[in-house]
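Annotated features, as they stand in Swiss-Prot:
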- H180, H202, H211: Cu cation A binding site (BINDING)
- H363, H367, H390: Cu cation B binding site (BINDING)
- N86: N-linked glycosylation site (CARBOHYD)
- N230: N-linked glycosylation site (CARBOHYD)
- N290: N-linked glycosylation site (CARBOHYD)
- N337: N-linked glycosylation site (CARBOHYD)
- N371: N-linked glycosylation site (CARBOHYD)
- 1-17: signal peptide (SIGNAL)
- 19-473: topological domain 'Lumenal, melanosome' (TOPO_DOM)
- 495-530: topological domain 'Cytoplasmic' (TOPO_DOM)
- 474-494: transmembrane segment (TRANSMEM)
Amino acid sequence: MLLAALYCLLWSFRTSAGHFPRACASSKSLTEKECCPPWAGDGSPCGRLSGRGSCQDVILSTAPLGPQFPFTGVDDRESWPSIFYNRTCQCFSNFMGFNCGSCKFGFRGPRCTERRLLVRRNIFDLSVPEKNKFLAYLTLAKHTTSPDYVIPTGTYGQMNHGTTPLFNDVSVYDLFVWMHYYVSRDTLLGDSEVWRDIDFAHEAPGFLPWHRLFLLLWEQEIQKLTGDENFTIPYWDWRDAENCDVCTDEYMGGRNPANPNLLSPASFFSSWQIVCSRLEEYNSRQALCNGTSEGPLLRNPGNHDKARTPRLPSSADVEFCLSLTQYESGSMDKAANFSFRNTLEGFADPVTGIADASQSSMHNALHIYMNGTMSQVPGSANDPIFLLHHAFVDSIFEQWLRKYHPLQDVYPEANAPIGHNRESYMVPFIPLYRNGDFFISSKDXGYDYSYLQDSEPDIFQDYIKPYLEQAQRIWPWLIGAAVVGSVLTAVLGGLTSLLCRRKRNQLPEEKQPLLMEKEDYHNLMYQSHL
């Protein structure tokens, strides 16, 4: 009944975030390299007549890149989105969207002036109706074609530079699976050759801001699809977990008793078909994923390579990550040491902070542990546990931001791997967002986490803690300095007093001080003339 009711709401709401807007998938838009669709409210491009935005040239960052990608002009994702479009909508004030038809995160209302703060909650804190609604929303998104977005099934070159558009419809859920595939896929070099050392959303500084935006857009899509403006993605707090406690039919799907690699027939997700999971096949054909179904969702939690991932992350691991003061370091990739980002992502040891190519920990550990569809980066978003997992990873990122209050320039401006500089536009989003745009507190984007709200009184203490620790380290020096200072002050005071007394005794009467010494002052009698 709930699912049927949700379907009835579908065409009452329009989506506003994703990859290629349907309105910009024509040969005219591609050959003119312009994506400035009209806003339905006034019929003008980008809602210009209503002051919502205007069509403007895309200004690309010229900051130098790291050495990881030695090519130029071979990948459609380079200098995003310039291969496809060099003019897009630039929205004003709190407006957002490919046609400036929606509001920035954290705002709502007809003029996007009303602030709002949504709260992401632990999935185990949801009531049964709330949990069932969440599962139904995911199922609806999986089976509803995106009204506003399509996915390209060929490169720009394969489209004859835009004259022969190649696009397919895709469901709301699979749109995000496709985006995660597209951002992390290998570069196609021709003749079955590929370049693998490239990823516009992982293994570099943009990992956390990119996934922050990704979840916000996914959340927003489901809000608009269902008409539930208060929907938020729940999180799974996997600290100290001994097994996959969300892997039950009540939640994200239990194990199939007949085949441990499949989900239980009683699960919401056992009938789901996955997409974009066959990277090597696409590479051999020099093709892109076209959204075709590729079989059932696979998951066999715990039966993974335990030499690479001995256990799930602990509370101590998380605390160590949060103790790392540097967001990024060194080469700014998966070899970075003492980098908060690299340690949280799982390429560095959460005990030492040293990069270790033989181990997968923290964020990576959960992907490996699931031992199935979620364990391969490009297609990992097929598994809905991806949402719960990345919501919790994002909450750890939020803890770090609140602890250190970094300025924007803490995020690297230059020399990061391709696509990861601060001013680089994030692939493959249209409208456009820069990496640095989401190096901000979640509250600035209109959401919070329930368990961080509970610890709100400790935020001030966290803020001053580094200063208190510094004061504690220099306390012995301060005491010693105070003692020496007191002795010097007493000696100098005595010498000054002695010199002043001698000088006073030598002064003529008219230059004697009006007040006498303390012992003489007490001998004076106030005499009245009355």
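Glycine is treated like the rest: Cβ placed from N, Cα and C.
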Quiz item: Which residues in the same chain, at least 6 apart in sequence, have a Cβ under 8 Å from the Cβ of H367 (Cu cation B binding site)?
Solution: S360, M374, S375, V377, S380, H389
Quiz item: Minimum Cβ neighbour count within 10 Å among the glycosylation sites N230, N290, N337, N371: which residue?
Solution: N230
Quiz item: Roughly how many angstrom lie between the C-alpha atoms of H390 (Cu cation B binding site) and H211 (Cu cation A binding site)?
Solution: 7
Practice problem: Would you list the other residues of this chain near Cu cation A - those whose C-beta lies within 8 angstroms of the C-beta centroid of H180, H202, H211 - in sequence order? | Solution: V183, S184, A201, F207, W210, F214, V377, A381, H390
Practice problem: Have a look at the binding-site residues H180, H202, H211, H363 and say which one has the shortest Cα distance to N371 (N-linked glycosylation site). | Solution: H363
Quiz prompt | Chain-internal residues, separated by at least six, CB under 8 A from N86 (N-linked glycosylation site) | solution = K33, E34, D57, V58
Quiz prompt | Listed in sequence order, residues with CB under 8 A of H363 (Cu cation B binding site) and six or more positions away | solution = L344, E345, G346, H389, V393
Exercise. Excluding H363, H367, H390, please set out which residues of the same chain place their CB within 8 Å of the center of the CB atoms of the Cu cation B site, keeping sequence order.
Key: E345, G346, N364, L366, S380, F386, H389, V393
Quiz item: Using C-alpha atoms, which one of the glycosylation sites N230, N290, N337 comes nearest to H202 (Cu cation A binding site)?
Solution: N337
Exercise. Show which residues of the chain containing H211 (Cu cation A binding site), separated from it by at least 6 in sequence, have their CB under 8 Å from its CB.
Key: A201, H390, V393, D394
